[in-house]
Amino acid sequence: MFCNLSPMIDFDALKSEKGLILAVVQDQLSREVLMCAYMNREALEKTVETGITHFWSRSRQQLWKKGETSGHVQKVKEIRVDCDMDSLLLLVEQVGGACHMGYRSCFYRNLEGEVVGEKVFEPDEVYKS
């Protein structure tokens, strides 16, 4: 376990929708928002157990470890729950980029589509078939 979370909030006490809760991932030092994803009970438990973020893929209907393919893992430093108990904030140390498009953050574009984020890797080189 990455830190002492006991007593951990019971997942059933969280206000999940269809067993999923939104997780906002933020860089622990810079406070940059890196990504948002969903967690189910298993993903949260695995994250707490390993100290590496795990999420539930709604499209693939399976658990996934962030960085499993790319090596760009997120080392969890702290987990917070919001006042309504319907979302989580994960403060992490990001290794490499968080975005599968090659950027440090998934929020690399503004509303007009202009790239405003830092590209940190080439996806074609990382996600070779």
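We number each residue from 1, going along the chain as drawn.
Quick reminder: no glycine exception, Cβ is built from N, Cα and C everywhere.
In Swiss-Prot this protein carries:
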| type | residues | note |
| --- | --- | --- |
| BINDING | Asp82, Asp84, Asp86 | Mg(2+) binding site |
| BINDING | Cys83, Cys99, Cys106 | Zn(2+) binding site |
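The Cβ of Cys83 has fewer other Cβ atoms within 10 Å than any other of the binding-site residues Cys83, Cys99, Cys106. Taking CA atoms as the reference points, Cys99 (Zn(2+) binding site) and Asp86 (Mg(2+) binding site) are 24 Å apart.
Asp86 (Mg(2+) binding site) counts 13 other C-beta atoms within 10 Å of its own C-beta, drawing on all protein chains shown. Within the same chain, residues at least 6 positions away in sequence whose Cβ sits under 8 Å from that of Asp82 (Mg(2+) binding site) are Leu88, Leu89.
Long-range neighbours of Asp84 (Mg(2+) binding site) (same chain, six or more residues apart, CB within less than 8 Å of its CB): Lys15. The two recorded residues, Asp86 (Mg(2+) binding site) and Cys106 (Zn(2+) binding site), have Cα atoms 22 Å apart.
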